[in-house]
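S.K.: There's a structure below that I have some questions on.
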2 protein chains.
Amino acid sequence: MDNTIIRRAREGRIDDEMRKIAEAEGVSPEKLRDRIAKGQVVYIRNVKWPSEKVVAIGKGLSTKINVNLGTSTEVVDLDSELKKVEVANKWGDTLMDLSVGGDLDAIRRAVISKSKLPVGTVPVYQAFIEAFNKRSGGAYFTIDDLFNTIERQLKDGVAFMTIHAAVTKEAAIRVLKSDRVIPVVSRGGDMIIGWMLHNDAENPYLTHWDYLLELFAQYDAVISIGDALRPGAVADAHDEFHVGELVEAARLAKRAIKAGVQVMIEGPGHVPLNDVIWTIKLEKRLTGGVPYYVLGPLPTDVAAPYDHIASAVGAALAAAAGADLLCYITPAEHLSLPTVEQVEQGAIAYRIAAHIGDVVKLGRKARRWDDEVSYYRGRLMWDEMIKRLVDPERAYKVYTQYGPPKVKGCTMCGGYCPMNMVIQQARRLK
Amino acid sequence: MDNTIIRRAREGRIDDEMRKIAEAEGVSPEKLRDRIAKGQVVYIRNVKWPSEKVVAIGKGLSTKINVNLGTSTEVVDLDSELKKVEVANKWGDTLMDLSVGGDLDAIRRAVISKSKLPVGTVPVYQAFIEAFNKRSGGAYFTIDDLFNTIERQLKDGVAFMTIHAAVTKEAAIRVLKSDRVIPVVSRGGDMIIGWMLHNDAENPYLTHWDYLLELFAQYDAVISIGDALRPGAVADAHDEFHVGELVEAARLAKRAIKAGVQVMIEGPGHVPLNDVIWTIKLEKRLTGGVPYYVLGPLPTDVAAPYDHIASAVGAALAAAAGADLLCYITPAEHLSLPTVEQVEQGAIAYRIAAHIGDVVKLGRKARRWDDEVSYYRGRLMWDEMIKRLVDPERAYKVYTQYGPPKVKGCTMCGGYCPMNMVIQQARRLK
């Protein structure tokens, strides 16, 4: 039996990486180990090329963010994708290569080489695309093709994979016949649905779950159970399809943990803001605390090309309520493949959303950062303040956008800076 | 006695403007009238040059957004400020001229002329600045100076004014001696504090509240009770100063309503996300539902130059919880006077935040917009979808940023567009 992280944690072992993470996160190594053993924390790293940044995700830890990138069939530009990897290295905690255009193996390997972060994929893309190219139909891949693709990617060092195991054939048929505003918006999920319909067969991930667990145990990689039926419109949130798939995912996650395989569950999409807190609690309740990896949530359908902002609203609230890994959304969402700049805008918005959540989730531990910034802000110590902001470089540019301020305050209030007046008033009172 | 809107509403009268607003907001004119009578809805318009857009703010109505603009001592560029007015006309519901540099009367009149929206001001700025220029000390204005300034601005057609009446001398002295991270961040509020300290006298707005009410009744303008002690760091939220001032503001608001003068209360600033919902409920409870006009709230101190994004998180949640008017924050907040473009970025972020809130606050009435967008989105009817988005022009630019897509989907998934695959799958099942 492969000695996976969960199994080692269950034996009570604490390795050096665990200690390092525990220290960085400000929790005790014992607590971290126990949570890994229970499946409440996952611990992702690049198996083949150990990444510089080992990432732990889950209970009691800071909220992490994932940066998606990758080619499309219409735009294949490896240079640009590798620049996105650099952006992810700067701002993100994990990244996913979602390429569907060009030489998928070569792109994935280049991304993994360049990435300092653990890299995730959605392996059904490659199985589907290769079947499309070789057999003239995306759904014509065999179960062997699918699992061979997964193993090929694991060998390359993919650290986690979205596995759309929780959508059953029956649910797929019902959702396609339903009056949902948009029946399915998950690209990988719909490839699995296409396969089930074409083959008139149950979801191969579901029928071969135990085999999949063995494979992931062998490479000690993390399964991220995908949400093929996630809502793609706020009107569709928390219908029977959305919640039914979560129930199935929770069952599968428990089997994974029992088998010693680390697992996360993927969630949200479009969800109205009043449902965000409890949808996180629901996942935690159903699963006993399996890390929740949520896209957005996006609390409105109308905001493109500002879905990075609209979804940061949902993401911050989700993080505050206990979401563990936030999948970012860029300003190009719903409209286009994102540019490098749009990837960065999305990543920064999510870095901020994660911290807003952490101020709630972790309390003083996270708020220390805010307190420091405000300490220097109130004293008009601009350099000290700006260098502590989330993006000092851009902050400095804005601070000096009308030329370096000639006053103690900034160009907003100029001579009537309240902070400056207050400093003098307080001095006089002493 | 001047026949103010509240007084007319109390007499049971429904005027044409009320009917127009009721229809636009989808509420009955009777309900709107009764809420105006109770002070739960205010109704702002430019008295002298009736604005094209009469704005009602409060219970049961869509969330409104306010756009701040105005010169500083360091940057006086009327052209640029008037461009900001155009941005406000496009995206906003109300605007405030917060100019503190240049010829304040001339700027204000130009802004009011150009504005289609009701214009607000903070009159103590002008009293303070004129005293600074004429008497070599900002705090050297007399009570007559202050009220003359207010009347001059009302005559110009200012529709609402921030009146920092709720900060007492005692609270001001205590806050300046306190261990708050930043004692005071309100520019106008601190001018009043400076006056109280210099004159060793109580807040002139507080001592002359009845006179002020008469003046506002005469012009039938709206008082917005300012929050001089609003928290400027998340660590300072909901301390005795913040909450104490709200309690005082609630008392003053009740006196205003009784006197037939429309009133709002200003709130938040920096507030951690877990306190946003109840801070709105607190104001509603203390006041019996006086419209709450909140800045942000900003749930972290570290996000500049992205405070428009960080605060949109707080603003959306506040709106969902019942906040009525959201004062926007731009990417320049905490760093600089905003440029025209930054004003627009802030306004758009808040338009989105207000709608996210309304999807919760107003339910289906607000969600119709989302449902329409998603209907066309799911059918890949791009032109129909894009023209319904919050910013169709920019959305179209992003949609075509790699050239017009050559596929039915967009450049994100290209040939593997899930929506396109789903349409075919659903068709085959029928």
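Note that Cβ sites are derived from N, Cα and C of the backbone, with glycine treated the same way.
Pulled the feature table from Swiss-Prot, pasting it below:
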type    : residues                                                                                                                       : note
BINDING : A:ASN68, A:MET96, A:TYR125, A:HIS164, A:SER186, A:ARG187, A:GLY188, A:ASP227, A:ALA228, A:LEU229, A:ARG230, A:GLU266, A:TYR293 : substrate binding site
BINDING : A:HIS270, A:HIS334                                                                                                             : Zn(2+) binding site
BINDING : A:CYS410, A:CYS413, A:CYS417                                                                                                   : [4Fe-4S] cluster binding site
S.K.: Filter the binding-site residues A:ASN68, A:ALA228, A:ARG230, A:TYR293, A:HIS334 down to the ones with a Cβ under 8 Å from chain B's Cβ atoms, keeping sequence order.
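M.R.: Cβ contacts with chain B under 8 Å: A:HIS334.
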S.K.: What is the interatomic distance between the Cα atoms of A:HIS270 (Zn(2+) binding site) and A:ARG230 (substrate binding site), given in whole Å?
M.R.: 8
S.K.: I want to verify one value. Collapsing DSSP to three states, which class is A:TYR125 (substrate binding site)?
M.R.: helix
S.K.: At the Cα level, what's the spacing in Å between A:CYS417 ([4Fe-4S] cluster binding site) and A:ASN68 (substrate binding site), rounded?
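M.R.: That separation, Cα to Cα, works out to 42 Å.
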S.K.: According to DSSP, which kind of secondary structure is A:GLY188 (substrate binding site) found in, if we only use helix, strand and coil?
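M.R.: Once the DSSP labels are grouped into three classes, A:GLY188 (substrate binding site) ends up as helix.
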S.K.: Whole-number answer please: how many Å between the C-alpha atoms of A:ASN68 (substrate binding site) and A:HIS334 (Zn(2+) binding site)?
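M.R.: The separation of the Cα atoms works out to 14 Å.
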S.K.: If you draw a 10 Å sphere around the Cβ of A:CYS417 ([4Fe-4S] cluster binding site), how many other Cβ atoms fall inside it, taking every protein chain shown into account?
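M.R.: Step by step: centre on the Cβ of A:CYS417 ([4Fe-4S] cluster binding site), count other Cβ atoms within 10 Å, giving 21.
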S.K.: In whole Å, how far is A:ALA228 (substrate binding site) from A:HIS334 (Zn(2+) binding site) when you measure between their Cα atoms?
M.R.: 17
S.K.: Can you tell which of the binding-site residues (A:TYR125, A:TYR293) has the fewest other C-beta atoms within 10 angstroms of its C-beta?
M.R.: A:TYR125
S.K.: Within its own chain, what residues at least 6 apart in sequence put their Cβ under 8 Å from the Cβ of A:CYS410 ([4Fe-4S] cluster binding site), listed in sequence order?
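M.R.: For A:CYS410 ([4Fe-4S] cluster binding site), the qualifying residues are A:TRP382, A:TYR399, A:CYS417.
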S.K.: Rounded to the nearest Å, what's the C-alpha distance separating A:ALA228 (substrate binding site) and A:CYS413 ([4Fe-4S] cluster binding site)? Just drop the number here, would you?
M.R.: 51
S.K.: Calculate the distance in Å between the alpha carbons (Cα) of A:SER186 (substrate binding site) and A:CYS413 ([4Fe-4S] cluster binding site), and round it to a whole number.
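M.R.: So the alpha carbons of A:SER186 (substrate binding site) and A:CYS413 ([4Fe-4S] cluster binding site) sit roughly 48 Å from each other.
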S.K.: Return the residues near A:CYS413 ([4Fe-4S] cluster binding site), defined as same-chain residues 6+ apart in sequence whose C-beta is under 8 angstroms from its C-beta, sorted by sequence, else 'none'.
M.R.: none
S.K.: Determine, from DSSP, whether A:TYR293 (substrate binding site) sits in helix, strand or coil.
M.R.: strand
S.K.: When you measure from the Cβ of A:ARG230 (substrate binding site), how many other Cβ atoms are you left with inside 10 Å?
M.R.: 26
S.K.: Looking at the binding-site residues A:HIS270, A:HIS334, which one has the fewest other Cβ atoms within 10 Å of its own Cβ?
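M.R.: Looking at the binding-site residues A:HIS270, A:HIS334, the Cβ with the fewest others within 10 Å is that of A:HIS334.
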S.K.: Among all the protein chains here, how many other CB atoms are within 10 A of the CB of A:SER186 (substrate binding site)?
M.R.: 25
S.K.: Where the record says A:ASN68, A:MET96, A:TYR125, A:HIS164, A:SER186, A:ARG187, A:GLY188, A:ASP227, A:ALA228, A:LEU229, A:ARG230, A:GLU266, A:TYR293 bind substrate, what is the longest distance in Å from one Cα to another among those residues?
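M.R.: This binding site's residues have a maximal Cα-Cα distance of 20 Å.
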